[in-house]
Amino acid sequence: MSEPAPAPQTTVSEPAATLRVCALYPDLMNIYADRGNLLLLRRRCEWRGIGFELVPVGLGEELGRAGEECDLFYIGGGQDRDQKLCALDLAQVKRDGIHAAVARGAALLAVCGGYQLLGHSYELGEETLPGVGLVDLETVRSDGPRLIGNVAIEVDLGDGPRVLAGFENHGGRTHLGPGEQPLGRVLRGHGNDGRSGFEGVRRGNVIGTYLHGPLLPKNAWLADWLIARALGRDEPLEPLDDTFESAAHVEARRAAGA
Amino acid sequence: MAGRTLGAKIAVARAVGTVARRAGRGGGTSLPGKVLMRLEPHAIGALAGRLPQGSVAISATNGKTTTAAMVASILERRGTRLVHNRAGANMAGGIASTLLGAARGGGIDGQLGLFEVDEFWLGQLVEELKPRKLLLGNLFRDQLDRYGELETIADRWAEIVARHGAATQLVLNADDPLVADLGREQPRVVFFGVEDDAMALPEMQHASDSKHCRRCGHAYEYDAVYLGHLGHYHCPRCGQRRPRPAVVAERVELRGTRGAAFALRIADDGNGGGEQVATVELPLPGLYNVYNALGAAALCHALGVPFAEIVAGLEQVAAAFGRAETISLGERDLSILLIKNPAGANEVLRTLALEPEQVDVLAVLNDNVADGRDVSWVWDADFELLAGRVRRVTCAGTRAAELALRLKYAGVDPERLVVVPELERALDAARADGDGTLFALPTYTALLALRELLARRGLAPEYWQ
């Protein structure tokens, strides 16, 4: 039997919260099971009685109301051809809407191919894909080997050091501008460029990372952090029984050797 | 002179295999071949060249082993002696080992080579084997950490076809746009496909991969989706559409995990046979096995096997190693269904969901190299199909906890989930809990480990036999 669906909140003093998630290009940028990230967000909201609304926005579509109303934006990874289509679309069709959303405090999580599009550009040999310009970084496709494997990083999002574990698989090397903060420090694996010892980027509520696997199932705590930030909550979310989540996190860390 | 040299190298490689097997190092299915390849890089070409009827090769993301088993069932029934990598070792080392095992002096014990080939190794092996026929079944999202992206493999296959298409006849799945397009400029292609509106899915599954036209990049439109991205598609921009297949399955009837039936129709090929139709009672389950049977039928048709013998051979096929194979544990049966990527797993899950009662499952997720180190794929597979349909799931393997978590988020009640990472303990726990058939869903290396475990207990033959 599936888990009982939580009763809808009707009698609360404050209006019932709903997390509105805008999934960017979910039919194209989904190569490393990105829907697992969205599933974590959905279930962890539902189990707490928080509403969950998913707004998919595809190629050629203006962000429109999603840009004004969504609390959290998600973009995953895709094949080269699809990533190129999305890069152009992000830069030409959605750029202003995303900048406005982030400026009003919406959270954004970009994973792998999506992460590579957050900065100025992604150079692929002769070709250069535009970035959406949310953070100061650029990515260059390397002639060297793809950086593949289990990975663990140490991050501090303000509550002390914690670990994120996942899997990385990228040909691009991402270089952060001088004022930009990485998401974390590599414990095991390659990270942004295989050399700097840093992984991902974080500026306020914007997070970019190469960690897939997918990321949130292996690190349920980050799903909760995103939900809380996106909803503008300062107090921690109601705890859930995370026996399975903790075991999967430990297992993923062990796979990475951390 | 050259023959004697190869003969000496064969003797060395065989000796290594014998030693490895005595030392208990697995089945040694590919080690002797690897040794031989090191001594003689073109050993595969040299040995395959001894086969009087040449070779046929089969590649696909899913269904290689079963399709080859079906072809073997059809051909062996009529007395063809095959050299066949039956155990599924399908990279160069495994195929070299198979040929090595069949080599006799300067000859070979067999008439026709039947080889399933790993999709990544296909170019190199086609170069060596120079197959008369090449069956390409499907391309799905698989182990991305090992294989790279799907389009990359499709491009690689297109190069193989461009190089060898003149000498090698292609047998292609018309319903997979990535595969069917390989036949665009090739003569003599035999296409196969499903034509049954009742099998169409209400919407495209999440794991669908090929969404854009190989020619112009526009999104395909589907009139029917059967399995993943397999179906009846066309490109609204450039007009590319599914080729009309000569070998067709109609009126498909799925019978849970027990089997399937369909009407096999082979079009008039102008050789005087006319159009032929017969019902095939397939002892293997699921639409995916109907596709495998169609591929096998099309390949055998291309080899000139009479229609009635194709039908009879398909009806007598036994499950290939770990593909819907059932083994008696004594008090209950163990039915083993390999899962290794989203598209394949979805078909297994769809089949399990047809069982009338809630099922007991032993699911084993490993992350060894041959499984793919990246276990993301379990989140792309539709484990939601099991919600409400399982009585107990015992999760095992190196990533048992990840699998249990996936099932929890798929809507399986956590109280029905047991996590026992170590395989032998997991098997015993699952076996002792409940009755009726226990369905094992292992990834590739978990399948090998499970099979060895059963062999050690005298319940199944060792897998290399």
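All residue numbers here begin at 1 and follow the chain in the order shown.
Just so you know, glycine gets a Cβ as well, placed from its N, Cα and C.
Sequence annotations record features per position, and here TrEMBL assigns domain 'CobB/CobQ-like glutamine amidotransferase' to A:20-219. Summarising the annotation, TrEMBL assigns active site, nucleophile to A:C112. Per TrEMBL, substrate binding site is recorded for A:R146. Residues or ranges marked as active site by TrEMBL: A:H212.
Known features from TrEMBL, placed on the structure.
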| residue | record | Cβ within 10 Å |
| --- | --- | --- |
| A:C112 | active site, nucleophile | 29 |
| A:R146 | substrate binding site | 15 |
| A:H212 | active site | 30 |
Q: State the Cα to Cα distance, in Å, between the residue listed as 'substrate binding site' and the residue listed as 'active site, nucleophile', rounded to an integer.
A: 13
Q) How far is it from A:C112 (active site, nucleophile) to A:H212 (active site), counting Cα to Cα, in Å? A) 7
Q: State the mean pLDDT for the domain 'CobB/CobQ-like glutamine amidotransferase' (A:20-219).
A: 95
